[in-house]
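Peer 1: In case it's useful when we look at the structure, here is the feature table from TrEMBL:
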DOMAIN    B:584-613  domain '4Fe-4S ferredoxin-type'
DOMAIN    B:615-642  domain '4Fe-4S ferredoxin-type'
Amino acid sequence: MQKRNKNALITTSDEERQNNSTVQARREKEQAGMEASMATASDGSISANSKESASKRAQTLPGTAEQSKEPAEPKEMVTLQIDGITVEVEKGLSLLEAARNIGINIPSLCYLKDINEIGACRVCLVEIEGQRTLQASCVYPSVDGLIVRTNTARVRKARKRTVELLLSNHHRECTTCNRNLNCELQNVADDLAIRDIEPTGEVRRYEIHDNNPAIQRDYNKCIHCRRCEAICSKMQQCHVYSAQNRGFETVIAPAFMRDLGEVACIMCGQCVIACPVGSLTDKESMSPIWEILEDPRNHVVVQTAPSIQVTLGEEFGLPVGTVVTGKMVTALRRLGFDQVFATDFAADLTIMEEAHEFIGRFEEGRLPFLTSCCPGWIKFCEHFYPQFIPNLSTCKSPMSMFGALTRFYHGKKRDIDPERLFSVAIMPCTAKKYEAARPEHSDGKRPHIDYVLTTRELAMMIRQAGIDFAKLPDSEYDSPLGEYTGAGTIFGATGGVMEAALRTAYWAMTGGKKVENSPQEEVREQTVEFREIRGQSGLKISKVRLGDHEIKVAVAHGTGNARQILEAIIAGEKIDYVEIMACPGGCVGGGGQPVLGGRDHRKISLDYRHNRSDALYNIDYSKKLRNSHENATIQNLYKTYLDHPGSEKAHKVLHTAYRARNRWS
Amino acid sequence: MTLQKIQSLEDLNSIKEKTMPYLSLRLGAFGDDRTSQEKAEALASSPYNHSIMVCAGTGCLSSNSQKVKEQLLEEINKRHLADKVEIVKTGCFGFCELGPVVVIHPGAYFYCRIQPEDVQDIFDNHIEKGQAVQRLLYKNPTTHEITETMDENKFFHPQTRIALRNCGIINPEKMDEYIARDGYRALAKVLMEMTPSEVVKTVRDSELRGRGGAGFLTGRKWAFTAAVKQDYKYVVCNADEGDPGAFMDRSILEGDPHAVLEAMAIAGYAVGASEGYIYVRAEYPIAVARLEKAIEEATQKGLLGENILGSGFNFTVEIRLGAGAFVCGEETALLRSVTGQRGEPRSRPPYPAVQGLWDKPTLLNNVETYANIPQIILQGPQWYASIGTEGSKGTKIFSLAGKINNTGLIEVPMGTTLRTIVYEIGGGIPQGKSFKAIQTGGPSGGCLPAEHLDKPIDYESLTEIGSMMGSGGLIVMDESDCMVDIARFYLEFTQDESCGKCTPCRIGTKRLLEIVNRITEGNGKLEDLEILEELGHDIQEASLCGLGQTAPNPVLSTLHYFREEFITHIQDKRCPAGVCKALSRHEIDQEKCISCSICTKHCPVKAISGERKVKPFLIDPDICTNCGICVEKCPPKAILRR
């Protein structure tokens, strides 16, 4: 503790401090294997321990992170009765949460904890003594002495009626829906045993909106829960969606019902994750990939983003946070990909370039330096903060570096017919589909990356192929672009890019000498760890000593938090290096990741991000090499092809440019 | 007009004293209870021989009262009567159907439908010779009896005007006239003599209930807001009058805007707020203009703004215009709209008293509620509570519309029966037709049949019989109205005005409407009636806000009281009132027909065949659009709709 103080590290919340100080615990956890890291079991039950941390986590959701710094006041407790059970809860807790705490699962659709608590869908109705009408339990606060009934004929009838009404105006073609068997509306209809829809009537029909590379909006399936609107406005603060028109004609849509490609949408896909039904989905790319895989003359290269290996398992019923790297590689081979590489490799390469670029900018005083690997953040910056474009790192994202390398390096080296060389990326992200389509990442005729699949789409392909994922044997990535260090892997979690860059920058600025008795946070087998910038606090600010310099770094995830840090910088806050990820939690919480709510409505929360990122850090621990500069393939790549970080060649292949965009398109 | 600040009660007194003579003639308008000696004194004190009141409410202005006023002024100038006759632009008298209304004092002679060309006649006879112009006076539409003065007029006679007390008496754009009517005296009283909690107690003791619809006890609302400990609070006035046919709030704002401002300042003092907002529909331009003027004048003279009457109390008022969404009359939607967001309700608790405008405690009352406050303060809560019924105190303004002889605005004590309103004040049903139903409470209310005509109207009794008070709209229906069509009309309205936030209202009212539409088109089934009732009940139970919770009322109450009519539509495929187009048609009674061929000439779609002097004339129902022109034109009245 004293050592830490000596380094004048300004830390975030107490919770973070606690997490950080439990190295011993972490080591034990490691020994116990992966299983131990899964706080949320697959049945959704929460142990006494993790329940506490879950409630703490709720306070540190993006947007509320700052508040958690204040010392918590003791909460006033109230006693109420739910279905005859006396419960003591925090005053003001919603009745829905109070009931779920004691094992009464009130169905809900529009409710999204901390994000969307508006009582709009009227599915979570309950009877409260003394109230004339039924009340939405998701917004009704607990007060002393309430007598609540959640399972009466009156309640069941009203809930059923509400869901029937929703279904009467829903494009009910479940079997062909992207969210079939993973749909909250299906679940609720099933839970309420709806067998008949009476009365039926007009069903609104709209054309499908998908005039963009990433996200498809099907208004015919929209149930007006407004979760997309809430997540976009409150968490991401892009304010793309709002209610328009009235009555039966109401739609939740971008202004003038424009396509997402025609407004200031950053394509992050958080709305896709939030959507309880199939109204917001990926713009699917599976069919053309099947086609190119079918032809044996094609050489199809696939790269997988670091976070895919810790989330793909969820699609096959494995606990959140299970690491499935080996199974994933096997599955990709079985699908017919010729070479399976890791984007983690390109992440290491990104670090070499970015750390070099940062040191240069630091010396020039051209700060703050902003990371550039997240396409949602880049688009956000271009739309809302174009004045920061000169501060952005010019490094392409790892995916796009990989795409360029595949074409210019791998293809040529292996002498593959460019026409027959296809490049596919598996990404946790809808914005990556958009990034791949940006003209900067093409040779004018063809994009460097031909197709981007989300984690969800990959899972669908695996299911389509009839592969029993859980039973797959492990296999290794292909060489050489499949070799990576732990630094590349933690790119998938918030703070990971920063930490990876700092590890290498530290090495560079301290002259590469072996770290002994390090003044830094934690030293483990010659790797400097920067724990202050890990974790799920929305905004993490820290000071780091690199050789003779002390730099101030900030990590923000969720563009709402990005706004906060940028506004602070505009207001005069001096920060040297900022990592921004558009999605809460970083890529582990990406808009292309598995949607859990439909399969288990108890998982409609953002808590699962913790388990996913824990898994990434566990991979990092288990890696022999944990610093990007130690990656031998990268060293070789510079030697044989790129010269040195920041070289002319590197700039041509690995760097890009940005442009300001207005708020309307 | 002096711009000197009013700083004390004495200042108010001196303005009153100076202005009162100008008002002395006009006070005879509504139930003059002065002794004849007082009247004589007033007459003597008046600087004028005649006061000519010209209604400048929306109704009369749209029937061109401005032109009448100009003509009157011209006539005065021509006859050099400027020092003997004054023309006063005033607020609504309530008899809007007969506009433009002109009232001449002394005597409160009530002239209706005055056109500019009538002005000369009025001057020649009434002003110059003292003879009322009979042809322009009010004529009872049934008995054709002429009534000269307002005092004799049955429309005005049973009324008790508290909220409307200044409408028709003062010029709403002259603050001094409001002050002469004891205006701002209540504010002075609370600031100088009462503590905030005494003010709250007074309002509480008066048992005044919210006039906007639900009838929540106003005093309790004030007490809640006052009790919340917060550094900043707001007072808001709901002037988003949205019920079809209701216009009492508009009339108050147009005829007596200062009453609302004064009441809001009193409320601000009582609950601890120093900022007020009036949310008023943009469709009320005259009300908005008068409010703006009133705020400006009150601010200039120090009755709004900082340190009012030297008390240290500050209060400002701003206007926010609503875009006309019905749901913005709901308090939480209104508050959202004030802050510039889409008008959508949110669930309560927290109530606005705790978390309202910009999340601060907010007191929200409607225009009519506020308009009662100054009189309650001045005359005491006991006086107010002595008017009305056990559970509903005071008076209520109703707007009378539909199939009734005297349409317009009235203020009567709570507990007045529907019969008194329809037959006495309203003058009964026109053209000798029979009463069928009365719709109360607008789109949230219900339709009541003749059996309830003797119900004394108050909040409880109306709810009991399946309707509600609402904002006070009363629409009378006669035998030519189809109750299924009425239900359809209101459902169409609520479906259009639903904000779309909650499922039962967004989709449920649509399904109700679809079923009722089916019935009016002859495609209904008997089971539909049960579905309507079940679904209607569920929507009442499950909707988020008052709009949805009450949206099924019109259809449920018509189903309850007029079920036979629904069944006739379904089983006999017939609309007894001849309203539903698909279920009724025009037929020519061959016995009565004289083969004149006038109908064929007038039919716009050439649906009638037949040759002059050669029978038969027949209407092709496939072509006929049921426009009804032939019915009007037929000399022997041989064409009927059935």
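Backbone N, Cα and C define each Cβ position, glycine as well.
Note: TrEMBL annotation is automatic and uncurated.
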Peer 1: By Cβ distance under 8 Å, which residues at least 6 away from the ends of the domain '4Fe-4S ferredoxin-type' (B:584-613) in the same chain are close to it?
Peer 2: 574-575, 577-578, 619-621, 623-631, 633-642
Peer 1: So which residues does the domain '4Fe-4S ferredoxin-type' (B:615-642) touch in its own chain, when a touch means Cβ under 8 Å and the partner is 6 or more beyond its ends?
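Peer 2: Beyond its ends, the domain '4Fe-4S ferredoxin-type' (B:615-642) has Cβ neighbours at 574, 578, 581, 584-600, 602-609.
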Peer 1: Per DSSP, how many helix, strand and coil residues does the domain '4Fe-4S ferredoxin-type' (B:615-642) have?
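Peer 2: Tallying H, G and I as helix, E and B as strand, the rest coil: 5 helix, 8 strand, 15 coil.
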Peer 1: Could you break down the residues of the domain '4Fe-4S ferredoxin-type' (B:584-613) into DSSP helix, strand and coil, giving a count for each?
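Peer 2: In the domain '4Fe-4S ferredoxin-type' (B:584-613), the DSSP-based counts are 5 helix, 7 strand, 18 coil.
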Peer 1: If I take every residue in the domain '4Fe-4S ferredoxin-type' (B:615-642) and average their pLDDT values, what number comes out?
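Peer 2: Result for the domain '4Fe-4S ferredoxin-type' (B:615-642): average pLDDT 87.
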